[in-house]
């Protein structure tokens, strides 16, 4: 089954948008455009770029818009026009939204995953990542099959620096402050749907599929 829909997920860190995206990407042959994944890939390939933005990432701050905009736009240019995709983690600011509109990055539907702060902290404190392939796991929602090793390459799993409780709280505050005008814009466009991210991932996916 293939979809050509252009989809945006809006949700705080820990809302499940990355995991949900991967489920839909596999089922509907969509391209997953995660700013986090794009940055990690670029950092692993370009030491000069890594040095430039490492301070932002380690403190939980957003990278300057011009850097994020270029990274996302360069990636989208490589995607065929009839190919569906999921934007995950972009746009996060009004400046990024304006860049999207100006550069013709169009969307068919927007899903806003609403979740309580205490649930976010609980979920993120249980996140683990593979250092080699960047696959993510969650001890609450998506456990690795082999203890604390990656299912794909048996590499030891780690906790990211920005998943520490004090940084999580900072990330939640920044997200809440930046997301309101973006949500208001898409509300006026009539393409935004609100989802309860407190429910299971399976229940959330079933709701999303009603609009695909």
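Each Cβ is built from the backbone N, Cα and C atoms, and glycine gets one as well.
If you look up Swiss-Prot, you'll see 14, 15, 16, 17, 18, 19, 127, 136, 137, 199 marked as ATP binding site, on the strength of sequence analysis. If you look up Swiss-Prot, you'll see 35, 40, 61, 62, 63, 89, 90, 91, 92, 96, 160, 171 marked as AMP binding site, on the strength of sequence analysis. Per Swiss-Prot, Zn(2+) binding site is recorded for 130, 133, 150, 153. Marked as region 'NMP' by Swiss-Prot: 34-63. If you look up Swiss-Prot, you'll see 126-163 marked as region 'LID', on the strength of sequence analysis.
What Swiss-Prot annotates, mapped onto the structure for a quick look.
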residue	record	Cβ neighbours (10 Å)
14	ATP binding site	26
16	ATP binding site	26
35	AMP binding site	20
61	AMP binding site	15
63	AMP binding site	17
133	Zn(2+) binding site	12
137	ATP binding site	21
150	Zn(2+) binding site	21
153	Zn(2+) binding site	11
160	AMP binding site	16
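Confidence across the region 'LID' (126-163), taken as the mean pLDDT and rounded to a whole number, stands at 86. A gap of 20 Å separates the Cα atoms of residue 133 (Zn(2+) binding site) and residue 14 (ATP binding site). Most Cβ neighbours within 10 Å among the binding-site residues 92, 127: this distinction goes to 127. For the region 'NMP' (34-63), same-chain residues at least 6 beyond its ends with a Cβ under 8 Å from one of its own Cβ atoms are 18, 21, 71-72, 75, 88-90, 92-93, 134, 161-162, 167-168, 170-171, 174, 178.
The shortest Cα-Cα distance from residue 35 (AMP binding site) to any of the binding-site residues (14, 18, 127, 130, 150) is found for 18.
Of all the binding-site residues in the list 16, 127, 130, 150, 153, the shortest Cα-Cα distance to residue 92 (AMP binding site) is found for 16. When the binding-site residues 61, 63, 90, 153, 160 are compared by Cα distance to residue 127 (ATP binding site), the shortest distance belongs to 160. Residue 137 (ATP binding site) carries a strand DSSP state (E or B).
Of the recorded residues, residue 63 (AMP binding site) and residue 137 (ATP binding site) place their C-alpha atoms 24 Å from one another.
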